[in-house]
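Before any comments, here is the structure.
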């Protein structure tokens, strides 16, 4: 573990505490300073103190992170929502026209006894005090607040209801909800402050197989990209141009979320890594 600090002789309190927690929980590798963050989880312990677990999320079962509720025999349960956020905040931009680039990778296992699994997994970026919004289960993926919207609501009404001012997410959506703007098939989507994705691409889920999601943000080109793949299969790729300093606060947390609804699936995370560093525009 290496620590570097250029802007001050004193480590921020959150960084110092985070480093101690990493040692205790044996995160395989990590570095942190005021302008960069790196972590890697190759497995998850039962008492994983450097993660903030919300809702039904648990760690330690076979060394994995279970984002949604499972029974004692490992069967997925319906109507469940869970999230896991990394303990240390990320410095995503600063006033001197500097924005962070980042890479995130996680391996996941989605397994469902149903013919149609639901509802999906996301990688998300939110304000540092983010919690699960009320009624955000199922199609809202643990990220966006629920609201009673009539089927033929206007775009203005829709956006006002399904909006979160400080959320950027990549969704691995396993169940199409066309009434909230989903395409009529499972898909990868990029969400900017709304559950209605800015860009989507078809995703062929492989039930019960381990997949890999890789998310990249290039701050120079201002492009957010995601690639989701299974071994020996074609990848699903989606990208969207967004200026994060116009969307997110200066300090954020990164996390993973998942939900189930009437239909269900396991939302198991086997590993997770993240690297960010501030770069000039």
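Backbone N, Cα and C define each Cβ position, glycine as well.
Binding of carbohydrate is attributed by Swiss-Prot to 175, 262, 263, and the same site annotation extends, among 139, 196, 202, 253, to 139. Of the residues 119, 129, 146, 234, Swiss-Prot places 119 in the same Ca(2+) site as 173, 175, 177, 182. For residue 119 (Ca(2+) binding site) paired with residue 139 (carbohydrate binding site), the C-alpha to C-alpha distance reads 6 Å. The CA atom of residue 177 (Ca(2+) binding site) is located 7 Å away from the CA atom of residue 139 (carbohydrate binding site).
Sequence-distant neighbours of residue 182 (Ca(2+) binding site): residues of the same chain at least 6 apart with a C-beta under 8 Å from its C-beta are 139, 173, 176, 189, 197, 200. Within the same chain, the residues at least 6 positions away from residue 175 (Ca(2+) binding site) whose Cβ sits under 8 Å from its Cβ are 116, 117, 118, 119, 120, 139, 186, 261, 263, listed in sequence order. In the shown protein chains, 23 other C-beta atoms lie within 10 A of the C-beta of residue 187 (Mn(2+) binding site).
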